[in-house]
């Protein structure tokens, strides 16, 4: 499955791992599949997922929450196929901090791993060690894209509908005041959505017309919003400062990267260099253009917790946190990179994709075809000389010397010159280079220049004779010595003449070489001056940008002060309104008390009037009773009078009746009168 030699990598490509990936003991390595082709990759905090062309799913890395979906919680150090999904053809995958989402060719969505905030979308908060199906998406149409954050999940349909679920404590799933949602809910911005990305505690989406929306945690400028938009951070807010259409977006731990028509914008935290704006900008609250990618070559962006990767026409650039070697810049370089740095490891490859995790990076690359020609680098492609080896050795036969000279930046060329003998002063500049062509020919000396070997001194009686080696024949010895001296003088004169000629020739060569070197030095100095001018212009531009940033910061501060003043005025107005309300309440209370007192007085008066009326009525009743009594007495008296008169009348009548009977009255008269008469008696 894995190979060691570069030549062994098949044309279908290989998967390269960097950082703490749990693969190959966290050493930068590579692997490929014998009978399949890697197609898609995804990285979580400490685990990785791989989809092949045949729809198989391979997982490896940490498995403390069951995020690998293998039915256990055992960490896996090599790519392992998920056998439970062999009957399905996996098409999409997304990895969160400790959970994984997949989508099959039939549109089925599965989830596995941690579920403390409902990020699996299964309606509960119980973790799963194997992939479980989300029935919700059976009726939502085809899925176009999956995304996962710290404890959040998202699914985007082909029709442009976005569904999110999981943790919403910072508003990172855009559902307003809800703190947690354990089942998918739709997030709408009024138009179809084409891209979504979930960071650790914030998220971003892109609409089909290129509008960028962000939502979630609002600290450190990671949302790229104005101060007046931050109060609404729990729902998607439009990023207005990017004027051109946005195509992709990636969210990291505290920063955001947006890809717009080949240009790259970054904003948020940048203390590790993950923004790519150099060593002077550690935070940006508004989207800022990365100068290195102004030529429109960027085609893909990815974010880890504190590092960033950008792909441009098959080349890979990384910047940010370099710990554990996750930037892919070589085993010798684990330092932070504050500007986009070309990964020389992939100069002979065509990078298909790159995904960043919490502490690692995984790259999918294929060998570059020979017919495509040499890789032509731009002036600013190689940003840092981070290795001891010269670039000629690193690049090998990929580029020729002329292309290399154009590709190296001014800073790199300066460092290359510093490695030359020029760094040791003018003495080394005037001397010719130590090459075989410039070496002086060796001195030629005939055997005659060496003094002839003298005969050994003659020893007589055990003693050496003094003088000029007195031989037996003193005359011969004198003549021979004179001859030898003359020959030596002649030879020394010839040697001196030869030396003078050689010195003249060497001086001429030195002058020529020094003139050439001086011309080269002058050219280099001119280049340095032009480079210095360029650097000065860059410094001036940076200073202007700093001034603009300072002015913007001052404007923001003034705006903040104005807002604070407005808030203070509002607070003072509210206090005044409260005092007015209190005064009104007090006045109303006093009025109510007065009205109550008046009502009480009126009631008392009414009670008194009622009592008086009652007394009057009682008096009237008494008077009426007295009048009635008087009337009764009068009636009784009149009745008695009438009775008395009646009695007297009846008596008179009786008397007359008796007399009348006697006078001959009828019997009926007696029937009426006699009872009355008897009663009267």
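Each Cβ is built from the backbone N, Cα and C atoms, and glycine gets one as well.
Just so you know, TrEMBL annotations never went through curation; they're auto-generated.
Here's what TrEMBL has on this protein:
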- 38-291: domain 'RCC1-like' (DOMAIN)
- 55-106: repeat 'RCC1' (REPEAT)
- 107-159: repeat 'RCC1' (REPEAT)
- 160-209: repeat 'RCC1' (REPEAT)
- 210-262: repeat 'RCC1' (REPEAT)
- 262-314: repeat 'RCC1' (REPEAT)
- 314-367: repeat 'RCC1' (REPEAT)
- 406-669: region 'Disordered' (REGION)
- 471-483: compositional bias 'Basic and acidic residues' (COMPBIAS)
- 484-501: compositional bias 'Acidic residues' (COMPBIAS)
- 508-630: compositional bias 'Acidic residues' (COMPBIAS)
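Confidence in the repeat 'RCC1' (55-106), given as mean pLDDT, stands at 96. In the repeat 'RCC1' (107-159), helix, strand and coil residues by DSSP number 5 helix, 24 strand, 24 coil. Helix first, then strand, then coil: DSSP counts for the repeat 'RCC1' (160-209) stand at 0 helix, 26 strand, 24 coil.
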